[in-house]
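> Encoded as structure tokens, here's the structure I'll be asking about.
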């Protein structure tokens with residue numbers, strides 16, 4: 001509500017306050033009830049500051065995406081192989097290519113491990129700036145290889161060093177960015193904001209794919225070192241954008257409050273939510289965060305480690321992100337990302353340009369599916385069902401590809417027939433399933449599920465798992481494609497099957513729940529809670545009970561909203577008296593708390 005002078009006024013009546021909070025806290029409710037550009041525009045108008053913050057920080061996702069899409073094509077360029085002395089038998093060459101790819105993942109793992117300490121000690125924002133600068137240094141080292149007539153061995157060593165340093169920056173940023181976003185974004189769009197990280201990741205992959213294709217098709221001198229030098233140099237663009245934009249963003253409000261800097265935390269929340277720092281919604285959020293962090297602020301690294309293993313439930317919450325990332329990598333997605341040109345060749349696509357073009361189309365499909373998922377699935381369908389449905393699609397496609405390669409080993413000299421084209425289509429369908437579930441959901445849930453005081457620790461474990469198993473997969477894939485062939489995809493299919501079962505049985509639905517109330521999902525029997533969350537009606541009863549216990553408010557000043565529904569309160573099944581009874585209690589308590597909150601704010605103003 002705005003006065004004629006343009007100042008924000010606090011609603012006076014309880015009814016006005018409820019409407020005002022509904023606009024601020026669940027401002028995309030009307031937009032979410034329909035799909036289309038008008039709905040998206042309305043949501044962006046309400047949460048524009050949060051989306052700008054998310055877009056700025058998620059440029060970090062493009063850092064890794066660009067290199068992932070870049071390196072697979074560059075490895076097949078004759079100019080690159082000549083400049084770095086890549087010669088030998090198939091297995092020896094596959095090992096050398098695996099080393100070049102995996103040294104980046106090794107650097108990422110070390111960077112993620114550094115995320116155990118730096119974000120908690122120095123803050124999220126300084127850590128992101130430091131990571132971006134390190135990435136730029138690594139990119140410069142890679143781009144300047146062979147400038148002064150280096151020997152093949154010296155150039156290869158410099159390439160390894162540059163990729164390791166660049167990987168350190170990527171790994172560190174991947175540990176802190178999802179944490180920062182989860183701590184800044186309102187719960188109504190938290191999953192969508194976190195998913196932007198993966199969207200820009202796959203955008204970077206696609207841009208790099210087409211950069212390689214453009215060089216292969218149009219650069220006049222295919223033997224020139226510029227064939228690989230220009231793509232390496234272009235990866236500095238997203239790094240520079242990340243560095244330039246993050247400096248204008250506020251520090252994480254939850255980290256500031258954890259450091260006993262509540263006034264600065266309130267100011268950060270004010271900037272993010274476009275509200276005055278003294279607004280009741282802001283003071284309510286600060287109070288809730290302070291209550292959750294009581295006795296847990298400024299924890300040393302050793303203390304965090306002890307608290308993370310204090311009990312089984314806390315340990316499981318801390319390690320959930322690591323489990324998610326393990327399964328994400330063993331679906332085989334990054335094996336396909338990095339070695340897509342080689343994989344398309346094994347399926348019968350002949351010629352370097354043809355395989356690069358097929359890879360570029362793969363990248364476009366990945367962008368489209370990830371973007372659609374962020375708009376229509378993660379908040380509406382919920383995290384859990386996205387993982388299950390996406391995983392089922394991936395399982396089907398992986399088994400198909402494995403069976404096809406077992407029955408009909410392909411050669412680049414043999415043209416693709418009808419069944420071969422179906423198999424090629426399975427690669428694209430695979431990425432549709434991945435975009436629906438294990439692409440973005442893993443990053444969102446990893447940051448959401450961890451306790452507030454252990455979030456940096458948990459995200460570091462998650463990203464260490466991501467980069468560690470990424471390293472294992474990309475190191476194994478080129479050798480596996482030469483040796484066990486169809487068995488490569490069979491392994492991925494079996495592990496993805498285990499991932500779907502785990503998501504169904506052991507992962508509660510985190511959508512629509514504030515970070516401060518996430519512990520309620522893990523009270524009692526986790527398996528029973530996870531199975532209950534498979535059924536929307538049962539999930540609504542539990543969310544309504546959470547609403548009653550919390551007084552009807554969420555981390556953004558609005559009421560808790562059920563994942564998959566966009567009303568102020570969870571949608572009711574009126575034939576279910578238990579749900580109706582809990583809902584009525586929640587609504588009554590919410591209105592009582594609004595009045596109490598207004599009185600408390602008035603009392604504090606007088607003080």
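Just so it is clear, glycine is given a Cβ too, placed from its N, Cα and C backbone atoms.
The feature transmembrane segment is assigned by TrEMBL to 50-80, 100-118, 130-149, 161-182, 194-216, 228-248, 305-327, 354-378, 385-407, 419-445, 486-507. The annotation domain 'Major facilitator superfamily (MFS) profile' is assigned in TrEMBL to 53-511.
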> Mind checking which residues reach the transmembrane segment (354-378)? Cβ under 8 Å, same chain, six or more beyond either end.
35, 40, 69, 72-73, 191-192, 195-196, 198-199, 202-203, 205-210, 212-213, 216, 336, 340-342, 344-345, 386, 424, 427-428, 431-432, 434-436, 439-441, 444, 511
> Flag the pair the transmembrane segment (100-118) / the transmembrane segment (161-182) as in contact if three or more Cβ pairs fall under 8 Å (sequence separation 6 or more).
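They do touch: at least three Cβ pairs between the two stretches lie under 8 Å.
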> Using a threshold of three or more Cβ pairs below 8 Å, and leaving out pairs closer than 6 in sequence, do the transmembrane segment (194-216) and the transmembrane segment (419-445) count as in contact?
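In contact, yes.
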> Would the transmembrane segment (486-507) count as touching the transmembrane segment (305-327), i.e. at least 3 C-beta pairs under 8 angstroms with sequence separation of 6+?
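They do touch: at least three Cβ pairs between the two stretches lie under 8 Å.
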> Taking all residues of the domain 'Major facilitator superfamily (MFS) profile' (53-511) together, what is their mean pLDDT?
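Summing pLDDT over the domain 'Major facilitator superfamily (MFS) profile' (53-511) and dividing by its length gives 87.
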